[in-house]
Every structure is written in structure tokens, then in C-alpha cells.
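Structure first, commentary second.
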Amino acid sequence: MIQHSGLYFTLLFLASLCRGQRSDPDAERPSCSRCDLHLSCDCSHHGFTVVPTVTEHALILDLSFNNITTVTDNDLTGHTQLRALSLHGNQLSVIEPMAFDSLWSLEELDLSDNQLTALENTWFSKLGALQRLNLLNNPYRGLGSPAVFQGLVRLRRLALGGPALQELKRGDLGGVAQLEELTVHANNLTRYEPGALGDIWPLGRVTLSLHEPFLTNTALASAVLCDVSYPETPIILEDLHLTTKLSIQPLRESARRRIRSITFRNVFIADNTIVNLLVVLNGVPVTSLFVEGMTLVGEGRWENASWTDHRSIDEFLIRNVVVLDVYRFVSFLQLQFLLKYPRKVSVINAKVFVLPCATSELLENLQYLDLSDNLLTDLTLAETLCNGRGKLKDLRVLNISGNALKSLSTVSQLVKKLSKLTHLDISRTGYSSMPQGCSWPSLLRYLNISKAKLTTVTPCLPTTLEVLDLSNNDLKDFTLALPALRELHLSGNKLLRLPSGRLFPNLQTLIIQSNTLNMFGRSDLESYRRLQNLQAGQNKFVCSCEFVAFLQLDLMAGEDLHFADGEENYICDSPLDLQGQLVGQVHQSIVVCHQVLFVSVCCGVGLFVGIVLFISLWRLHALWYLKMTWAWVKAKRSSRRRRRVRDRMDSEPLLSYDAFVSYSERDATWVENFLVPELEEPSQNDSISARTREPLTLCLHKRDFLPGHWIVDNIMSAMEHSRRTVFILSENFVQSDWCRYELDFSHFWMFDGNAGRDAAILILLEPLSKDDVPKRFCKLRKLMSSTTYLEWPQEEDRRREFWRSLRIALRGEEEEED
Ligand SMILES: *[C@@H]1O[C@H](CO)[C@@H](O)[C@H](O)[C@H]1NC(C)=O
Ligand SMILES: *[C@@H]1O[C@H](CO)[C@@H](O)[C@H](O)[C@H]1NC(C)=O
Ligand SMILES: *[C@@H]1O[C@H](CO)[C@@H](O)[C@H](O)[C@H]1NC(C)=O
Ligand SMILES: *[C@@H]1O[C@H](CO)[C@@H](O)[C@H](O)[C@H]1NC(C)=O
Ligand SMILES: *[C@@H]1O[C@H](CO)[C@@H](O)[C@H](O)[C@H]1NC(C)=O
């Protein structure tokens, strides 16, 4: 016992835990982000089992055709801007009481095709803005109380009921005052309290499905019809099986209330019930009688009703008719009592293959004849139109769209004498060629030959036309002048360019989508003087700079011309990198679009920069640096080569000179007169030690360079074969190019690691401060600041000391070891 209660509490705890998790907002809820630019979110057909999270800015949320079973109080919180919510086609059985409470802006709510077994008034209590509510096809048996629609003051369209609806009571629709549209599916209704639907007024269109009541409970059906029948309220009756005299009875109620428009939709009917219906409607001012979806059993024997009066019938429409016994069907000839009144007759998709001329002649008042989607051929059309003898003299609109017609000249001959004909619809036919000349009624303004197979346009087309639809043919160009034309439809052809506007001085609308237009421009449109509405999307646009600029600037913001099909239809087809992009959002670079300008500006700038660069390089002696570097690289390479050769021969570097003397040509006299004699042939009477007095070997370029070798190579090898390099510095030196090379090479040599740090010896022939050396000889400047240099004294008595120092410097450390 104790154990049991323990288990019970554990379960309870677990249950509460689960509940807690479920109501935890957004936890593990899937999300849906399929929202477009207009914040319309299409989350349908996604297999959701709970309401997914969606941006709170959404205006339209379509959750139809998922497997959602529950809408919790938290699922839709925050959606205060939502205008339309569809939960159509889910498994919805639970809606928590406050689930819709935050949807203050909701105007449209669709809960149809779900599993709601009861409606709660708490659901809708906060939906003050709701205008449309669809509750069809849920398994609730009644609407429940208190009245569910009480708070819906703006409600204008209401749909309720389903196969399970059994009962409608007075007050069920409390709060619903006026409706534009009411739909009630009550095929299984068994209890109806008269007046349940009676308080709604004004009442727009009413659609009722009352299958069972019409069959088995005509009193109930009468009561329902009685409550919704008003002269101005069109009534649509669906899903009826009218085979007995009794099944027609409920319509007496509507007839008594003098309804004007009645539609039967999806109805099974027999000859005798048609007679009964005509009797019931005798003298009733019904102006429109529509039948959409009818299965007829019988032979068309309705003459027993020929005494009835139907003079008020103005419009008669039958669409989608199946005559079960079509071969036994008698002619309409005895139907004069019916046929002589209506002005509009439509027999659409009824397998009509001919309307005999005799029957046509009965249609005395006919102004509008629609025989679209039937089986007429050129031959039977001739019979129907009495071989063009001009019967149906009041006919203004003829629609024979969707028939198996082949010859355009035949139809033009047949309608020629219909002197009042203004509209002719011969679309969806087999016309494949257009003769050079045709004859048409003189008033023909509207001609629709869309979805035929035309390849050319000829003067067959009448010049009186104001509206011409040639869309979805195979036209490649259009060169016919139509001075009165206001509207031209050319979508779905193969036009490569816009037709010239000069052909249509009055054209206001041009629809030319889905052709093969590559581009068009201002000049093309300027030839259209009156054009206001152009729809040219879905073409294969070549997004050239001119076209993009034109479309973006002149058109999207244009005032006189309106692009009715919207920016999103203008998509680039080429060039490849722009394919698929919206023309309105393409950003093209200046480089691509203004090539000439770009190139000339670039050249100009380039030239300018070049000149500036050249001037500054010239000023900065760049050429000199360049020459230097080149020489340096070359010399270094040959030096390395020499060294490699030497390494291969495994010999020590051969030092053939004590010093290489680098000097300017202009200082040659000093070198020859003072330096060479002093160092190479020292006088014996000097007070210097014998060792010091040993003659030194000097390398002078004048004397020791190999003729025929490149000078830099010579210098290089001279330095390599000399222990030291002596630089004779003077004004002349710094101005002599060769000296500069030598300086640099010595520098390179010094830091190349092969020579000692003091491989260079500077001799200043005249006082020369570091600052006298031009800045660009930075190496020399560096050398001057790092290396001690000897100054050539002007006074005789100090020269001895100078030579001594020089010798010591040349002999290097050997001297110091003494
Ligand atoms: C909904 O669930 C059923 C099974 O319960 C499944 O057959 C169906 O495919 C699901 N529908 C969607 C849209 O996922
Ligand atoms: C109601 O009518 C439908 C056909 O419209 C039928 O299939 C169904 O069994 C009927 N009864 C109930 C209680 O739904
Ligand atoms: C027409 O009326 C006659 C006599 O009233 C009757 O015999 C006949 O069956 C009726 N025909 C139809 C189609 O209702
Ligand atoms: C002719 O009928 C077709 C198909 O029913 C329809 O789309 C078209 O608008 C009709 N044309 C006119 C001029 O009413
Ligand atoms: C021409 O006929 C087609 C097909 O019937 C229809 O879709 C189209 O709207 C008609 N064109 C005009 C301008 O009414």
C-alpha cells in the first residue's frame, strides 16, 4: 500500500516534470525561418508536431499541413503583429485557453481540417480584430455555450461545421451581427433550432452543405434556408442529391423569400427534379441560376414545366456537367420558355460539340455566350453560329476558348455579321497561322488569341482592336500597326526586342514577360507615347551597364511609367557572374561600366605618377643606385665563382698585394709622386726599423689591372688579392664614380667575413668632414665614422709621422707584435 502510493507520487512528480518542460517556452521547439520580404512565413508541409518558433515580426504565418496536435498558451506569445494564421490540415485536438491571447492584430484565422472536438469561447475572447474565421471540418458536434463568437465584433467571414455537426441552437452564433460570407457544412445536421442563423443581417454570400437534411429531413433544411434567404443574398447549395420531388421542397422557402441568385454546386439531379425545380421557381425573380458540377440523369425532357414563367432569368451558367446518358439527350428545342430570356449564357466544360442553329435562334436576348472548354470544331461552330448569317444579333461577347478550332479565317467569317460583337475570346485553340486578310465585325475591340500556335502576325488583325492578347504563342516579332490598341499582351513568346512603340500610338499597357528580350532602353520606351504599365519581367536579361543603370534609375523610381510586375521579376541571365541576381540590386563597378573613362583616367594618373617618379628618382640619383646594385650583384657573383674555383683547387686565397689603392684619377699625381715611392721604394736613411721599411706591394688600377677585363671584376679581384684597401679621399674622390664602386666593394668585402674588420684604410688628402660627403654615399659616411682615417698633413715635418702610421696600418697586427 505504502509502496503503491510512493510509486503514485513518483509518477505524479514525473508528470509534473514533463509538464514543466513542455510549458518551458521555446525549449526544444523547432524553428521555422521561411519568411519572405513581406514577413510572410510559409511553414507548411514541414512535418512539425508542435508550433515552431517564428520571428515575432511575422505578419502571415502558414502552418498548414503539419502534424501539430496542440497549441499551448506559450506557443504564440509575442506575436502581436500577426495578421493571418493558418493551422489548416493538422492534427490539432488541444488549444489551450489563452493560446491566441496575444494575437491582437489577427485578422484571419484558419483552424479547418483538424481534430477539435469542442470549441471554447476563451480562444477567441481577445481577437477583437478578427475578420475571417474558418472552423470547417473538425469533429465538433455543436458550437457549445457560452457563444464562442461573442467577442468577434469585426468578424465578416465565418465558416463552420463538418461531418460531425449535429446541432445548431439559437444563440450559438451570438455576437455575429453582419457577415459578408457565411459557410456552413451541415451534411449530417439533425437538430436545428429555427432562428439559429436568423439574426445575421446584412448577410452576403451563403454557402450551405445540407446533404442529409435535403434527403431525409426537408423540414430542417427548410428552416435553415428560411433563416438565410434574402433577396440580396446569393445562396450556394452544395453536395445535394436531388432525385425526388420532396428533395426540392426546402427551396420553396427560398423562393418565397424571393432570392435572386442561386447556385448548385456538386449536385446530382434528375429530369423530374429539374421540372420540379422550374415549377418551384415559377415567377420567382431569380436573375442568376448557376450550376457548377452537375451530374444529370435523364434525357432533357423538361417540357412539363413549359408553362412556368422565368422571364427574370438574366444569367445562366452551367459548368462541369456530366450527362450520364448523353446519347439519349433530346435537343433543347422545347426549352424556348427558358432560353428566350437570359442575356448571359455560359455552358462551360460540358462536352458540348454543337449548339444547333435552331437552338441558337431561340436565344433571342443573348448578349454574352460562353462555350469555352467544349468540343466545338470549325464545322460545328459554323452550325452553332448559323453559318455566319448574323443570328444572335445582339451578341457582344463570344467566348469559344478551349475548343478544337483550327481556321482563323473561318471564325472571322462566322462572326463578321455579328454587328454588335465587341469581345471575342478564341484563346487556347489550334490556330497556327494567320491569313493575310480577314473580315471582322466593325466594333471588335477585344481579341484574345492566347495559347494558340501562331508564329506570325499579319494584317488579318483588325485595326479597331483596343485589347489584344497574343500571349503564349510562337511569335518572333511584331510589326503590325494597331492605332487604337490600349493593351497588348505578348508574354510567353519568343520576341527578342520590344516592338516599336510607333506602331501603337495609344498603347497604355504592354505585357511582355517570359520572352527572350535581352535588354531595352530609354529610347525603346520613348517611342511609346502613352505607355503607363509595362510588365517585362522573366526575360533573359543581359545585365549590361546601360541596362542596369537604366532600370535602376529611370524605371524603379519612374513616375510616368509603372512597372506593375515588380522588381523581383527582373533577373539577370548574363553575364555569368550576375546570373540569378535581381537587376535592381546589381552593383556594377566603375571599372566594368566606364571602361574608357577608367582607362583614360588610369593612364593619366599613371603618366603623372610616372613623371613624378622619374623626376624624383632623377633627383635622388636612383639611376646611380641601380647601376651600383647591378654592378654589385654581378661582381659578387663573379667573386663567388672565383672563390668556388679556388676552393675546388683547395688553395689558400692568394694575397699578391699588401694594399689595393683606390683613388680618383685626379689624385693620381699624389699617388704616383708620394704614395708609391714612399711605400714601394722606401729610402734607407729613414729612422724606421728595417722590418717596417720593407717595401710594400701596392695594387694600382692604372698599372696592375688586367687589360680587357671588366673594370668591376678587376677591382673585385684586386681587393680579393690585397690585404687592405686604401682609399684616397678628396673632393675628387667623392665625385668619381669608380671610386664609389671600389668603396662599396670594399665595404661588401669587409662585411663578407673574409677580410678583417679594418681592411679599409682612409686617407684624407684634404680636410674633409663627414658632412661634406653627399648623403647618398652612406657607406662612405659610415666608413668615415667607424674607421680611423689618416689625414695628409700640409706641413713637411708631419709627413714622416703620417707615413709611419700608414705603414703600421698596412702591416696591421704584425706590426704590433714587434
Ligand atoms: C503526420 O503523421 C502521420 C503519422 O502519424 C504521417 O503518416 C504523416 O506523414 C505525417 N505528416 C507530415 C506532414 O509529416
Ligand atoms: C456524416 O456524413 C458523412 C458524409 O458526408 C458520413 O461519412 C458520416 O458517416 C456521417 N456521420 C457522421 C456522424 O459523421
Ligand atoms: C409530364 O407530365 C405528364 C402528365 O402530367 C406525366 O405523365 C409525365 O411523366 C411527366 N413527365 C416528366 C418528365 O415529368
Ligand atoms: C472565356 O473563358 C475562359 C475560360 O473559361 C476565361 O478564362 C476567359 O476569361 C473568358 N473570356 C471572356 C472574355 O470572358
Ligand atoms: C485571354 O485568355 C486567357 C485564357 O483563356 C486568359 O487567361 C487571359 O486572361 C485572357 N486575356 C485577357 C486580356 O483577358
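Cβ atoms here come from the backbone N, Cα and C positions, even for glycine.
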Cross-link partner of CYS438 (disulfide, per TrEMBL) out of CYS386, CYS460: CYS460
According to TrEMBL, the disulfide-paired cysteine of CYS35 among CYS32, CYS41: CYS41
Reported mean pLDDT - the domain 'TIR' (655-810): 73
Using Cα positions only, nearest of the disulfide-bonded residues to CYS386 (disulfide bond) (CYS35, CYS41, CYS438, CYS460): CYS438
Cβ atoms near CYS357 (disulfide bond) (within 10 Å, other residues, all chains): 16
Close in space, distant in sequence - CYS41 (disulfide bond), Cβ under 8 Å, 6 or more apart: CYS32, SER33, ARG34, CYS35, VAL54, THR55, ALA58, ILE60, LEU61, ASP62
Distance from CYS357 (disulfide bond) back to CYS460 (disulfide bond), taken between C-alpha atoms, in Å: 27
Chain-internal residues, separated by at least six, CB under 8 A from CYS438 (disulfide bond): LEU408, SER409, SER412, CYS460, LEU461, PRO462
For CYS460 (disulfide bond), the number of other Cβ atoms found within 10 Å of its own Cβ: 18
